């Protein structure tokens, strides 16, 4: 698109284009019409594309080719300026394309078309035969020009990379660009700081060269690594473990001249050697294999199309959105999933404990303590809304999470969902189940139905209070869910006639339920208070600091 707009600026606009024809207008106002005879699309393997057109006025048939300098340099006629100019443009951070052409006679094109059609109709090895026929034309091309297009960085790329680094996330850049272009982009995006040392691994083709390069990298402790794709393959062939051990310690790694297959291989290599989760971010079709190989694929909808975003787990519009995706939404998703999964487990385990104790008291009989609709109501209307309202909880505000990205490092320790938290919730469930059952058995008087009414009401209240104990930031819908569950339970007691209504209305029922509920929940609330008082989490300190800073700023206003 940039090249077509540039030709329009210099007086040669593209007037019309469809599948079979294209029309240009010269500065003199004359229209040039071309018929498209063949198109050879771009692939990541060939790194070039071509088109054969026929000018209607003269009948001239021309093959035009454009592609990467690495493949086009061997196809064009001898010249003494292409390589030097490619390096000059790459050092400025421009993406280069070599453009060449070849004039074909009518006989040459007819002969080519016959062989090309036969290759496309072949039953076996069709791809290789078609490629061989096309390659027969791709020789002795006339070099027309070398183009350099600026690949502009999106807004806030530098700040986003800085946030992710402060959050403890290692960043590797995998690109198909030339070494000079990749280095320029890495510096301009601040992936590599200007005063940071660089270790460049360019031409490495033997085991000895790979050994020498790794020794040199080992001596440079705080240098960013820039390595070409073929050098990477050589090092991985002989010294895979040594290379990965050194690379993961580098502050930044840039892999240039990297094919789509290599990108996916590098992602899998990182996963295998570090045993860490890898997220791959890309915006083009060349990034699809890498995105699909990663634990979390992030596709950016850009000017290169939607292939990456369609293949990814998450689709975003701007690179800067990655910071919010990881530091805010990623944090909330992990914390909420941990709380919800453990609370669902607690909800089932506590009622199982009550049933187990009841059966053991009555000589391990198979009689169910809670019958019919009580069990159905417990699993649905009585506790569902408060428990699942935990997905609205968050420990820090988005502003705090983005201002202090270091908070993200705590998540990598896995403390919110671990064996320790699992066994803590198991102990809580056993303790509360025992208190509810033994408390009801100690306080009941005449009929067994009173045990059911006291223990089940205390169970419902305990679950609602435990949700309140787990919540870190109250949301209005959480309060609605609490009262909604209480309302459902109260209405079911009135209209479903589960229990003895006279006993439910008595003071004995009220104080016994209150005592049992307090014994089951109050110690946990006290422990939570003492823990927040003497060993508060980092985020609570930051919230207080942020609140104090805002109030001080408000008071200082004239």
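Positions of Cβ are set from backbone N, Cα and C atoms, glycine also.
What TrEMBL records for this protein:
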BINDING   42, 66, 95, 175, 176, 177, 257, 263, 286, 287  ATP binding site
BINDING   283, 287  Mg(2+) binding site
DOMAIN    310-536  domain 'P-type ATPase C-terminal'
TRANSMEM  344-364  transmembrane segment
TRANSMEM  422-442  transmembrane segment
TRANSMEM  448-470  transmembrane segment
TRANSMEM  477-497  transmembrane segment
TRANSMEM  509-527  transmembrane segment
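For the transmembrane segment (448-470), the residues of the chain that approach it from at least six positions outside its boundaries are 339, 343, 346-347, 350-351, 354, 369-370, 374, 378, 382-383, 386-387, 389-390, 393, 432, 436-437, 439-441, 478, 482, 485-486, 489, 498-500, 503-504, 509, 512-513, 516-517, 520-521, 524-525, 528, judged by C-beta separation under 8 angstroms. Nearest in space to residue 283 (Mg(2+) binding site), taking C-alpha to C-alpha distance over the binding-site residues 42, 95, 176, 257, is 176. Residues listed for ATP, 42, 66, 95, 175, 176, 177, 257, 263, 286, 287, cover a largest CA to CA span of 24 Å. Here residue 42 (ATP binding site) comes close to 48, 49, 67: these same-chain residues lie at least six apart in sequence, with C-beta atoms under 8 angstroms from its C-beta.
The Cβ of residue 287 (Mg(2+) binding site) lies under 8 Å from the Cβ of 260, 263, 280, 281, 299, 308, each on the same chain and at least six residues away in sequence.
Note on the binding-site residues 95, 257: the fewest other CB atoms within 10 A surround the CB of 95.
A simple way to gauge crowding: the CB of residue 286 (ATP binding site) has 20 other CB atoms within 10 angstroms, across all the protein chains here. For residue 176 (ATP binding site), the number of other Cβ atoms no farther than 10 Å from its own Cβ, over all displayed protein chains, is 22.
Other Cβ atoms within 10 Å of the Cβ of residue 283 (Mg(2+) binding site) number 23 in total over all chains.
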